[in-house]
Structures are given as C-alpha cells and as structure tokens.
Amino acid sequence: MVSLDLEENAALAAPAETNAPTKKQPFFRIWGPAMIAIAGVLAVNLALLGPTGGNIPPLSERHLSAKSLGDERLNIVREMESNTEADYQITKAGHRGLYVPSAVNRALEEEDAGIMEYTRRRHRYLGEYVHVDVSDEFSSFGKWSVSAIYFAFWVFLMFPNWFLPIGRPGIAMGGGLSMVVWRFILLKTGNGPFFEAEKVIIMEPLFLLFGLMLTTIYLEKMERGGLFDKLRDSLDDPVNWKRSAKIMAMSTIGSAAVMNDSIVLIFSGVVVDLCVRHKVANSLPYLLSLATTANIGSALTMTGNPQNILIVSLAYDDISWIEFASNMVLPVAAATFINSALVFLYYGSELFPGTTGIGQNFGIIFAGHRTPEMLAQEHAYYARQAAAKEGIEEEDSGAGWSIWSKIQVVVCILFLAAFAVGLDVCVVSICAGAVLMVIASYKRQHFDPRPDNNEYDAEGNALPPKKVYDMDGNEIEPEEEELVTESETTLTEVDYGLLMLFIGQFVLIGSFDDTGVPQAFFFATMGGCAEQMTSVPCVYWFVMVVTILSNLASNVPVVQMLAATFPFATPYDWIQVSYSATIGGNLTMLGSAANMIVAFQAAKVGDRTFTSERHAPFGIPSTLGALYAGTFLLTLVHFSPECSVRLGTC
C-alpha cells in the first residue's frame, strides 16, 4: 500500500529532524555579522560627517527660515487666550483615540478660524500625548538615580533568565512599583517633581491587546476545525523554507493592513503549533520570520503600528494614507527582501535540510530542486495527512465550512471593515471578542454535547453520581446544577500577565523620559545635525540615533519627545522618523512590542527559544541593513514635501 510506504518514510524522517545533534557555534559565527554591521554603520557615518562632525554643512536658508517662523509662531500661540468651549467642540468631532489616524480634527481651516487658532487648539488637544518637559525640576541626583533604576530593569527585562525566575511581567511590575516609590521619595526630599504615573500609562494599547486576546481565544476555541484551524492550515507546508516564506508573507501583508501587534498576537501560537506538528528542533527561524516581518510590514501604512498612528496625529501638516504608503513602498520592499534573504542565509541548515551551501539553496528556491531529506519530510507530511483522514467519516470530511465558521468569518470581516472606516479599533476589538463570547456561549449551551461528568471504576463501570447539597442542606438535582460560565472557562485564558508587562514598562519609560536624559542624549549625539536632521548627510546619523532611542526608551515615547521638541517638523521629517522607529524595533527584543508579544505567547505554550540572546545576532545585521537601505531609498524617492505648508515655508 502507498500509505504504508509513506508511513515508513515518515517514521524514518521525523526523528532525523528532531534528534539531530546540535553543535555549539563559535563566537564569531554567531556575533560576527552583527559586529561587521555595526562597524559598517560607524564607518559610513564617519565618512559622511567626519570624525568630529566637521563635514556637517551649515544650516541652509530654508532651515533658518523654518526655525525662525516656528519660534515666532510658538510665542504667539502661548500668548493667545484659551477658549475651552471652542476647544471642546472642535476636538469632540475629531476625537478617535490614539489608535486612529484622524485623532486630530483637520476641519479647522484658515478661512474658518485661521492657522494660528488651529495651532493653538492642536497643541491643547494633543497635550496628553505630547511629552511635557519637567527635567528642570530634577536635581542631578534625581536624574541619575531614576536613570539607574530604569536601566537596571531594562537589563532585567532584556535578560530575564540571568536572574531570579520571575518572568518579564513580574519584572516589569516590580520595576514600575519601584519607580513610583522612588519618585515619591525624590518628591519628599526635593530632588524631583510629582510623578503622575496614571498619565504615562497609555490605555489604548492595553484595551487593544485585551480585545485581540479575547477575539483570538474565541476564534481558536469555538470550534475544532473552524476558522482558526483553517488559518493555521493555510500556513502549513511540508517544505521548511516554504513554510517560513508563507509566515513572512502573511505577517508582512497582515501587519500593513491590520496592525503588527494584532498579527503577532493571533499567529504566535499558530507558528509554534506548526513547529510542534512538524517536530521542528529549532523554532527560532519561524518565530523570527513572524516578528521581524510584522515590524517591517507595519511600516508601510499609517495604521500599521502605534507610532505611525501617533505620528500622523502629531504631524503639523496633513499626511494622507496614500501619501504615507507611497513614500514607504520602496523602503519596505527593500527591507523585506534583505530580512527574508538573511533568514534563509542564517538558518539555511534548518530551512534547507540536506543542502551543501547557498548555491544549492538557490537551486531549491528557483529551480524546485529537492534533497533526500526534504523528500522524506514531504512523504512524512502526506503520510500524516492520510492517517488523519482514515478515522474521519465521509460525511464529516466533506462538511467544509460549518455555520459557526461562517459566523466567525462574518465577525472578522466586520471587524476589518470597522477598522478601515476609522472606528476606534480598541472598542471594535473588544466588541468583536464580546460578540464571539456570546455566540460561543450559546453554541455550548444549545448545540455542543453535554460533557460526561460520570465517574467510572477500574473496570469501566459507571459509578453512581455524587450527591450535591446547597447551603441549607437541600440536595441539588443534577439538572439544577449551575452551568459552567465563560468566566470560569475561556476568560481565564486571557494573558493578563502580558497586560501587566506593558503597564510596568509604561511606568518605567514615562519616569525615565521625565528626567530629560533621552532628550539630552538626542541633542548631544546629533550636534549640528539637530536642526537639519533629515538632510543628507545628517539623515544617516539621525536614523541611527532614533533607532538607539527606540530600543532604550521605546518608539512611542521617542515620537512624543520629537513632537514636543520639533512641533513644526515637515511631513518628510516624520516619514523618516516613522521608518527608522519602526524598522529599528527589530534591533533588540525590547525594541518593539511585537517582539515581546511573540516571546511571551511562545513561552506560554512552552517554547522558550525566542530570547534576547538568540534574537540579537540576527536582529542587529538585519535591522541595520534594512534601515540604511530604506533610508537611502527615501532620500532618493519621496513624495512628502520637505517644507511645511501650514508654517509657510513651502
């Protein structure tokens, strides 16, 4: 029988991949590419700017004019009288929240109330999202002690396995609470200002994560073989490199359309499950394929990640969806190519089993060649499929999409449509989860078979049911027993630890930003390039500084800091900030929320291969290569103006 032959091949092939001996790689093999990439970036900037910055050009007439007009406008805005009722009316119509691109109402045009009134109301409305500088209220001791606490917990979060086995959520919460206590001590001793911890916790991403987790759980648990299983099967492939390529394609496109945090939250468990299904010894290539391309793909659109949405809200001039995407097409395509090529290069032995080198890998990709090991994997895959179908009745195997799967599809389509038309994605995601919860509860109560609660003896005979009594001693009949609720089952599977991780990080980062150390680092490192940050050659150093800050203080606070420091930055300036802050998130584990979500979700199901030590050797060269290739393309081809229409510099 053919199926028996396939099963024999499967039995021979499966252990080969799982039990393959792992050799310890030499240090330079692991860290050599990262060191070369860092040296290359430093060499490029030294060549462009000079060892001491002597090649930095003086400010042009355009930069001097923009600086003068910006200072003049800020002074006028500060002197204008407040009109609380007018502010409320104009912001009420345009308010959508942090995670919607039109967070600022652009309806206040010059002919209605004037550019100056628009500027004033914009600054008042965005106050909660723009960093307020209170660094002058810290003593030197206060600044450096807060910075020391922050960096200590940054190290703990980066390498949680080096210390006590607390886990990242516990470390983040411990750091947040420690920071609150220390800031209170600084306040009482006169070394620092009052710390409003609740204001540095941005609630929108927490609401979004909770809604997405709720939605994901019900998509997965509602029905065996439902929409979630169909999505997993669509990413499956017997060939390792094709499976990785499918994950990267899905992650890139999905992140551009729906937001990177959503994609990694939904598909992290799917990727781990595929690795378990194929008995993969090293799941790192597949998890990296998901996380890195999610960040890269999210750079394409203004709704791809939180910092892009915040940038569009904070930009002084309008940036349309088409304008944003048209600027990003070439850089994102280049970054995707570089990242994908490095995945196949770094992990060739896992993705192309049995090959002898890069040349043979090219032949496999472009000519369809197969090695004996790859053929054995394909035979094992089809043997498992054949064995799985043997026990399924013909009517069940041809059932296709059930009514419950169709309902899931409808809910998902409505979710995407609501997101596309500009509704608050936080509310939409929570509503989608709540709707699925009601549907799942109704299905479980009226359609699912009742669970067998009988107990049996050693011979399989049913034992008489145990009698259950209420508080008054009255016997409760079996049909009167309380039903198991969603709160006791599915809601307990929400990863509240992930929410605690982000809350703790918000508190730590918010307190660190208050010290002014990130701002001081920015101006100290930028030097004469600070006022011409996106002009060549300064732009290549600028994107590196933004990348470093995004990994030290997170990308959303960096965007807030730049918006407060350069309130009249041009659309082109913001495009460069968006690209560098997003791509730079792949540099380290803490550089992006998507990385943290992948690591957390994978660890939840027992896969702890995605760690900071394993991420960095790939993340550093991939990020720097994608960052500088994309920045170069942006300097050559961009459609956003390098001047501000509203400021009058165009």
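Glycine too: its Cβ is placed from the backbone N, Cα and C atoms.
Features of the protein shown, as given by TrEMBL:
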type     : residues : note
TRANSMEM : 30-50    : transmembrane segment
TRANSMEM : 144-164  : transmembrane segment
DOMAIN   : 161-442  : domain 'Citrate transporter-like'
TRANSMEM : 171-188  : transmembrane segment
TRANSMEM : 200-219  : transmembrane segment
TRANSMEM : 247-272  : transmembrane segment
TRANSMEM : 284-303  : transmembrane segment
TRANSMEM : 324-347  : transmembrane segment
TRANSMEM : 407-440  : transmembrane segment
DOMAIN   : 487-564  : domain 'Citrate transporter-like'
TRANSMEM : 539-563  : transmembrane segment
TRANSMEM : 583-603  : transmembrane segment
TRANSMEM : 615-639  : transmembrane segment
> What residues in the same chain, six or more past the boundaries of the transmembrane segment (144-164), come closer than 8 Å to it by Cβ-Cβ distance?
Replying inline: 138, 171-172, 174-175, 178-179, 182-183, 186, 191-192, 505, 508-509, 511-512, 514-515, 517, 552, 588-590, 611-613
> What same-chain residues lie close to the transmembrane segment (615-639): Cβ under 8 Å, and 6 or more beyond its ends?
Replying inline: 30-31, 33-34, 36-38, 40-41, 44, 288, 292, 296, 323, 326-327, 330-332, 334-335, 338-339, 342-343, 346, 536, 539-540, 543-544, 547, 572, 575-576, 579-580, 583-584, 586-589, 591, 595
> Looking at the stretches 200-219, 284-303, 324-347, 539-563, 583-603, which one shares the most CB pairs under 8 Å with the transmembrane segment (30-50)?
Replying inline: 539-563
> In the domain 'Citrate transporter-like' (487-564), how many residues does DSSP call helix, how many strand, and how many coil?
Replying inline: 67 helix, 0 strand, 11 coil
>> Contact between the transmembrane segment (200-219) and the transmembrane segment (284-303) is defined here as three or more C-beta pairs under 8 Å separated by at least 6 residues; is that satisfied?
In response: no
>> How about long-range neighbours of the transmembrane segment (583-603): same chain, 6 or more residues beyond its ends, C-beta under 8 Å?
In response: 154, 157-158, 168-169, 205, 209, 260-261, 263-265, 268-269, 271-272, 283, 287, 290-292, 294-296, 298-299, 305-306, 335, 339, 495, 497-498, 501-502, 543, 546-548, 550-551, 554-555, 609-612, 615-616, 619-620, 622-624, 626-627, 630
> In the predicted model, what is the mean pLDDT computed over the domain 'Citrate transporter-like' (487-564)?
Replying inline: 86
> Taking residues 6+ outside the transmembrane segment (324-347), which of them lie with a CB under 8 Å of any CB in it?
Replying inline: 33, 241, 244-245, 248, 252, 256, 282, 284-285, 288-289, 292-293, 296-297, 299-302, 308, 312, 358, 361, 365, 575, 578-579, 583, 586, 618, 621-622, 625-627, 629-631, 633-634, 637-640
